[in-house]
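**Q** Dropping the structure in here first, questions after.
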Amino acid sequence: MGCGMSVEEKEGKARNEEIENQLKRDRMQQRNEIKMLLLGAGESGKSTILKQMKLIHEGGYSRDERESFKEIIYSNTVQSMRVILEAMESLELPLEDQRMEYHVQTIFMQPAQIEGEVLPPEVGNAIEALWKDRGVQECFKRSREYQLNDSARYYFDNIARIAAPDYMPDDQDVLRSRVKTTGITETTFIIGDLTYRMFDVGGQRSERKKWIHCFENVTTILFLVAISEYDQLLFEDETVNRMQEALTLFDSICNSRWFIKTSIILFLNKIDRFKEKLPISPMKNYFPDYEGGDDYAAACDYILNRFVNLNQHESKQIYTHFTCATDTTQIRFVMAAVNDIIIQENLRLCGLI
């Protein structure tokens with residue numbers, strides 16, 4: 001009887017070799033593919049980071065893409081002024097100049113979504129005039145008492161340019177534009193030899209149940225916290241402090257069984273607004289155990305420790321950065337550091353170091 005392999009054995013061996021080769025290819029692809037989940041409470045800056053990645057790694061936005069942001073920026077600007085005017089009524093703050101009432105009516109007549117290539121001149125004029133009113137300014141100073149877009153002041157300060165007939169959004173305008181993220185969006189970037197698949201998920205509570213679909217084989221979590229919101233309440237539940245909500249969410253993510261081996265990068269974001277707020281809104285009013293007064297470094301250390309100390313796994317390292325997501329120069333530097341961290345983590349997971 002011959003000792004050669006049967007047809008079935010040869011076919012079986014060929015199948016095994018093909019499976020082994022496919023597994024090798026999969027491992028190589030997995031080594032070069034980074035699946036990053038962007039997490040954080042609503043309005044923490046996740047979408048802004050994705051825009052920065054496009055600016056830094058994809059050459060920025062085309063003219064057509066910038067055009068598409070016009071209506072978003074117009075709507076953000078008009079709605080922000082509407083929110084202030086409505087807050088003035090509830091806070092019983094009068095206009096300094098009652099002749100501004102005409103401009104108030106102009107704002108209230110606008111639809112929720114502004115459409116068109118150009119902001120109507122009467123709307124631009126109304127915002128410019130109202131922004132100079134002391135009553136409006138006083139209400140703006142109390143914006144922690146209601147829900148106002150972070151970029152309101154930026155757009156109001158730039159209203160003459162935004163309302164110009166030849167207006168074209170620049171990088172900063174695009175970065176500061178705000179559209180609520182619903183569902184899950186995936187964005188792919190190539191950085192060196194690595195392919196990043198970045199998933200942005202809705203931060204509001206109602207969106208969180210959808211995160212489960214992103215959990216499998218996640219390489220890294222980028223968790224964002226808007227530290228400037230230490231004195232604000234949630235949009236969806238105005239009995240809950242935003243920073244407390246972020247701490248609760250970070251605790252659940254950091255110590256989740258899904259993420260025992262997943263590296264976590266923590267961006268303590270919106271440091272520019274945080275630094276502005278500290279002298280006028282004492283952090284001790286919201287966190288009674290804080291003893292650092294309005295010292296910026298002490299406040300940063302306090303918040304950093306509050307988050308890092310939630311980690312219950314000694315083997316898990318939390319990589320932290322203080323960030324301003326609208327500052328492209330800083331984000332370019334920070335993301336380069338993040339890339340180095342991820343490469344090391346990926347090599348470790350693949351057993352290469």
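Heads up, the Cβ atoms here are built off N, Cα and C, so glycines get one too.
A quick note: this is a predicted structure, and the numbers were derived from the prediction, not measured.
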**Q** What range among 49-56, 153-160, 265-272, 329-336 does Swiss-Prot record as region 'G4 motif'?
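**A** Range annotated as region 'G4 motif' by Swiss-Prot: 265-272.
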**Q** Which residue counts does DSSP yield for the region 'G4 motif' (265-272) in the helix, strand and coil classes, in that order?
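**A** Counting residues by DSSP class gives 2 helix, 5 strand, 1 coil.
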